[in-house]
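Below is one structure, written out as structure tokens; the observations come after it.
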Amino acid sequence: MKYSLNMLGEYVNGKWSEDQVEHWLQMLGLNPLFTRKNNDVFIELEIPSNRGDLLSALGIIRALTPYMEIEPKYPDIDLQEKSARKLSVEIESPDDCFFYAGRVIESVSIGPSPEWLRERVESAGFRSVNNVVDITNLVFWEFGQPLHAFDIDLLKEKIIVRRAREGEEIITLDGTKRNLCNDVLVISDSEKPVALAGIMGGINSEVGPNTKNLFIESAFFNPVRVRRGAKYLGMCTDASARFEKGITPSLIVPALDRCCWLINKLCGGSTGPVCVVGDIRAEKRVIRLSMEKISNYLGCEIQKDFVITTLERLGCCVERQDDIMEITIPDSRNDIEIDADIIEEIAKYWGYDRIPESMPLVCSPTMSSYEYSRLDALKDVFIRLGFSEVINLGLGSEFQYEDTNSKSIEIINPLSRNYAFLRCSMIQGLLQNIQDNSNRKVDMLSIFEIGSIYKKTSSGFDEKPSAGIAVMNTYNLYYFKGIIEYILRKIGYGITSQRIVRKEYGRVIEFLQKEDTVGRILIPCDDILKKYDVEKQEIFLAEIMLQDFVLNGFSEIRYKEPPRAMPIRRDLSLIVPNSVDWRKVEEMLLKSIPELEKIEIFDIYIGRNIPAQSTGVAIRMFFPNPESSITKQDIEHIIANIIEIMQKHFSITLRQ
């Protein structure tokens, strides 16, 4: 929402300058951005999530009032009820709608807005539609209270505020067909939904050129319910943002009356009595605070008169009892809950630059737990390798790039369909990071994330630490595989074997410590790359299980005398049937050939000259060279034995 400096100035008779307003807004921590256009200045602010009161012109003026010597001028309201017509309103779930008010206006004339109204609405950042809609948007800008106008002749019998029923649909004012669920709060008549409560109206009750009779809505919907509905539908509107941050209950009816008065003035018509359902009489919030506590918190003496005047200009009611002040908080300030919040407000208006500097109290830092220390140390390892850390939500969709027998854990109240399950792999979030960066023209990427994954068990679920790694156009597969092997060794895993597994989402290289998979590399298939719109990129991902590392820490570095002679290595290019478990091949060779120290896969090929249902695999074998050197003839004899074992037991042949 934009704020026109000229329009804001009308509330204080123009008694301020641009520099003053900029300085005041900076003091309030709102980081204003000023843009000059024609003969006006437009302000954009960074509104904290708990300051919904600042999402209106009156809220901004109220926040600036303590800096000024004058009382602001408030919008005119002189509404006269000339009709007796009312519309019946029913709230099915009081927990979803705390308060609902509305008025009927008969015999209005719908048409283009006068020039002054159109200019004001467009200056506030809205698109001019017609005189009625523009008035609702103008009052929304003034009061911060979302309003909605219905064509009452398109409604059946009454208004019902209820949850949507499974299978219901509505076409919203933007022309989009929306499929609804029970998480969405709707406004309906006796037959069908006519609006998404607190989000957007429906096209089936839209105010158009032929509209003659109106019903104006002003309500207080549950912020949580509005947020869940908006998230489910993938919508974010000015109205939903305002409800999510919290509205001012005491302005619900005044905003309605102001809107109806302007409609009578500009569109004609007769307004009926207000229809009210619910109760907005909230318990008063009273905070007791002493001047001594303010001084102790801020480290300086502040005049009592300044404190009282500031709080009263912010809308608080202050009663003095000796040195104690009883401060009643206005319903617009949802962010003020404890005495420290009031002291913070006083400091803002007093000026942080006027608070003298003092030496802080030095406390001994508390030691982090061993587990967190180890994870922090592992992050340093990744960073030294050139990776950047990312942090993703621990939620995702059901398909999680994991074994098909691992069932995802569904949460009870998901924010949306995309966040309905606890993640059982880090891969999905990293793929989303790659897509986001690729969309922003980032060509090369090396990222990692350390977090938790969740697996369903017979007794509930297990939460286990895991590291996810992803690269895009940075390393080839073999270099990336070397990095993963280095990290696995660094954190103490002794890799006894590797195996290649085909999944529906790509090829996977698994690293095993005895029988346990401690890490894996994913080479995503074309379908997955296409799904994330990165099919032209070279992408590799990996995941490392950190359960043992968190418990035991990094592997100990022990001195080992270097060999006096270089180890011998030999390479073989093989054709391996897809049915073969490479882990078993490796286990048999290491057990049968005592001179063989280690086997590594360094190349995989599928394509021309490779038989069907087979894979081309290149391996590298290492033979230690002790003081009594192995001769060339010995190595050739050992290689012949290795080939014979693989051919006899696994039908593995040499690639010609």
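Backbone N, Cα and C atoms are what each Cβ position is placed from, and that goes for glycine too.
Not measured: the values here are computed from a predicted model.
What TrEMBL records for this protein:
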type    : residues                       : note
BINDING : ASP335, ASP341, GLU344, GLU345 : Mg(2+) binding site
DOMAIN  : 282-357                        : domain 'B5'
DOMAIN  : 563-655                        : domain 'FDX-ACB'
CB-centroid shell, 8 A cutoff, Mg(2+) site ASP335, ASP341, GLU344, GLU345, site residues removed: ARG333, ILE336, ALA340, ILE342, ILE343
Helix, strand and coil counts within the domain 'B5' (282-357) (DSSP): 33 helix, 17 strand, 26 coil
Helix, strand and coil residues within the domain 'FDX-ACB' (563-655) as assigned by DSSP: 30 helix, 30 strand, 33 coil
Proximal but sequence-remote residues of the same chain as ASP341 (Mg(2+) binding site) (Cβ under 8 Å, at least 6 apart): ASP335
The one of ASP335, GLU344, GLU345 whose CB sees the fewest other CB atoms within 10 Å, among these binding-site residues: GLU344
